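Novice: Here's a structure for you.
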Amino acid sequence: MSKVSFIGGGSFGTALAILLAEKGNTVSIYNRDKKVVDDININRRNDKYIKNLEILSNIKAFDNLEKATENTEYIVLAIPSHTIRSICKQLKSKIKQETIIISIAKGIEEHTDKRLSEVIKEELNNPIVVLSGPSHAEEVVLKLPTTLVVSSENMNSASEVQNLFMTSFFRVYTNQDLVGVEVGGAVKNIIALAAGILDGLGYGDNTKAALMTRGMKEISRIGSALGGREETFYGLTGMGDLIVTCTSNHSRNRKAGLLIGSGMGVDKAIKEIGMVVEGVKACKAFYELKEKIGVSMPITDILYKVLFEKKDPKLGIEELMLREKKSEIF
């Protein structure tokens, strides 16, 4: 059995920590919030992020990064995308070079437009594996069948992580297309936020089907331009993740959109969710990126205006509907 350290004690990180602990691994969780650490260690719960859940005895929490990662074989980065670089800088002097870094965050770095594995690689010389796909913590802890994907520049490391997580209810595939896996997971948050806005405005199934289908095209378009393979975007980390994030009541991006569509301001909606809404950051980052490289992403354009220029969402939808006539396939 292995020692696995989770950086971040949020809902999905906690769900995966329990999965690995149930397989007999020794698991540590690093969290800066002393209340979360004490709740895990003393009460065997993590009620701030996922309620009514028992934390196994072979999981220990720390508010000290060095202690949490001591002699660890795997580090799971279960933190928001904008904190990845700073945490990796802190880890550099604390971990062994052979420790495998597993990223479960979804997004790109603002201002640099770098994928998260690229950010990690700039700061650490360790093997890096990305774990992504359609998965909500609330269903993982119930052991409902879930399928994800691991990808890496080193497929031996990817296979190792595949074996680490694989169970009878948690199936993990490998995919060599690291770019496609990361981009799909990041852009779908933009479309999920838009899907929530549609729900908040009271639009129906026809509208959401159109949004998801044309949103899938935007994922494929920007992903291919960045070097990803189109077939990846129609797999688990693209279409699969898009479906679950646009339709699930567990999705914080959809829930934030729902609040915005119902008339709540963007900042207030994010505060109401209480956790990072990656779709907001992703929208800004990919809007700036697609402007640089000349990729058409009309849904992202409109969502950017709604989020950052206070455009009326209904007028935005009308603008999308009245765009120049064209063929569906282009």
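Cβ atoms here come from the backbone N, Cα and C positions, even for glycine.
Quick paste of what Swiss-Prot says about this protein:
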| type | residues | note |
| --- | --- | --- |
| BINDING | Ser11, Phe12, Arg32, Lys106, Ala137, Arg252, Val276, Glu278 | NADPH binding site |
| BINDING | Lys106, Gly133, Ser135, Lys188, Asp241, Ser251, Arg252, Asn253 | sn-glycerol 3-phosphate binding site |
| ACT_SITE | Lys188 | active site, proton acceptor |
Novice: Greatest CA-CA distance (Å) over the residues Lys106, Gly133, Ser135, Lys188, Asp241, Ser251, Arg252, Asn253 that the record ties to sn-glycerol 3-phosphate?
Specialist: 15
Novice: Could you state the CA-to-CA distance between Asp241 (sn-glycerol 3-phosphate binding site) and Glu278 (NADPH binding site) to the nearest Å?
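Specialist: Between the alpha carbons of Asp241 (sn-glycerol 3-phosphate binding site) and Glu278 (NADPH binding site) there are 14 Å.
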Novice: Enumerate same-chain residues with a sequence separation of six or more from Lys188 (sn-glycerol 3-phosphate binding site) and a Cβ-Cβ distance below 8 A; give 'none' if the list is empty.
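Specialist: Counting only residues 6 or more apart in sequence, the Cβ neighbours of Lys188 (sn-glycerol 3-phosphate binding site) under 8 Å are Lys106, Gly215, Ile219, Gly238, Asp241, Leu242, Thr245, Cys246.
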Novice: Using the alpha carbons only, what distance in Å do you get between Ser11 (NADPH binding site) and Asn253 (sn-glycerol 3-phosphate binding site) once rounded?
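Specialist: Cα to Cα, Ser11 (NADPH binding site) and Asn253 (sn-glycerol 3-phosphate binding site) are separated by 14 Å.
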Novice: Out of Phe12, Arg32, Arg252, Val276, Glu278, the binding-site residues in the record, which is closest to Gly133 (sn-glycerol 3-phosphate binding site) when you go by Cα distance?
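Specialist: Among Phe12, Arg32, Arg252, Val276, Glu278, Phe12.
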Novice: Can you give me the same-chain residues 6 or more apart in sequence from Val276 (NADPH binding site) with a CB-CB distance under 8 Å?
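Specialist: Same-chain residues close to Val276 (NADPH binding site) (Cβ under 8 Å, separated by 6 or more) are Pro80, His82, Arg252.
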Novice: Where the distance is taken from Cα to Cα, which of the binding-site residues Phe12, Arg32, Glu278 turns out closest to Ser135 (sn-glycerol 3-phosphate binding site)?
Specialist: Phe12
Novice: If I take the alpha carbons of Asn253 (sn-glycerol 3-phosphate binding site) and Arg32 (NADPH binding site), what is the distance between them in whole Å?
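Specialist: Arg32 (NADPH binding site) has its Cα 24 Å from the Cα of Asn253 (sn-glycerol 3-phosphate binding site).
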Novice: May I ask you to report the DSSP-based helix, strand or coil state of Glu278 (NADPH binding site)?
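Specialist: Where Glu278 (NADPH binding site) sits, the three-state DSSP reduction gives helix.
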Novice: Sequence gap of 6 or more, C-beta under 8 Å: which same-chain residues meet both conditions with respect to Ser251 (sn-glycerol 3-phosphate binding site)?
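Specialist: Result: His136, Ala192, Gly196, Val244, Thr245.
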Novice: For Lys188 (sn-glycerol 3-phosphate binding site), which of the three DSSP-derived states applies: helix, strand, or coil?
Specialist: helix
Novice: Counting all other Cβ atoms within 10 Å across every protein chain shown, which of the binding-site residues Arg32, Lys106, Arg252 scores highest?
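Specialist: Going through Arg32, Lys106, Arg252 one by one, the largest Cβ count within 10 Å is at Lys106.
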Novice: Using all protein chains shown, find which of the binding-site residues Ser11, Ser135, Asn253 scores highest when you count other CB atoms within 10 A of its CB.
Specialist: Asn253
Novice: Including all protein chains shown, what's the count of other C-beta atoms within 10 A of the C-beta of Phe12 (NADPH binding site)?
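Specialist: If we count other Cβ atoms within 10 Å of Phe12 (NADPH binding site), we arrive at 21.
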